[in-house]
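Enquirer: Take a look at what TrEMBL says about it:
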type    : residues              : note
DOMAIN  : 8-118                 : domain 'G'
BINDING : 12-19, 59-63, 120-123 : GTP binding site
DOMAIN  : 206-282               : domain 'KH type-2'
């Protein structure tokens, strides 16, 4: 068989650069990127195709230490993702210490045979934070990684090197996805994620992590226009005026930025209407968590 496949789980603590790495490799914004931690909530498949090789990257949520039903659901999603995976990429930023949380996180994948440590954000290394120092510390903890590699989205050679290392784990197989696909997610999913990204960028504190976005309507019946109706659910009534803003300024900014980004992705006009509603403490309600798709 000429074709080869490799399923790769990308894991790490929140804000370790998982989504940035995947988007850089597939050259498409499959996963939302924010400077805030705990951005990704879904296990997202991103697909890299080249010649006879197909690599399927699974972008997982970061492991959550906070105790609520949503965090438990996200952690379960990570553990489920690791089943049937050919390789795990364990990401850790060069400027973050290898503390007890990192060690506990690494132990969660200790029984997985194929795993590579990726030291991310190496473009910001200085005398204190360097790839060499960081990789040496990882070796001292004896995490038993097959390899330890540097990565930065700013350096093409690091991207090329990572792909060549991953290819070593590929096996003869029919491809699971069309060679033109870059993700298995739907257009509705992208709309939801882009709106949620703008909430993260425009609203402070913990409020974005207690919001959920539901796409109520996604109409592609017009040739050059997509009409999207969405509801942003907040966990507390007190969050309503913060999300909406004075005279609707914050909600308006969220909508404008999301619309522009969606138009760039879809290549056509987007009419986006957002409304805000309260779903009291939805993140602790298993039924609501399931309803919102987590």
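Glycine is treated like the rest: Cβ placed from N, Cα and C.
Bear in mind that TrEMBL entries carry predicted annotations, made automatically and left uncurated.
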Enquirer: Kindly report the helix/strand/coil residue split of the domain 'KH type-2' (206-282) according to DSSP, in that order.
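Expert: Counts, helix then strand then coil: 34 helix, 32 strand, 11 coil.
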Enquirer: Return the count of C-beta atoms lying within 10 angstroms of the C-beta of residue 12 (GTP binding site), excluding that atom itself.
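Expert: Around residue 12 (GTP binding site), other Cβ atoms within 10 Å: 24.
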Enquirer: According to DSSP, which kind of secondary structure is residue 12 (GTP binding site) found in, if we only use helix, strand and coil?
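Expert: Going by the DSSP assignment, residue 12 (GTP binding site) falls within a strand, counted as strand.
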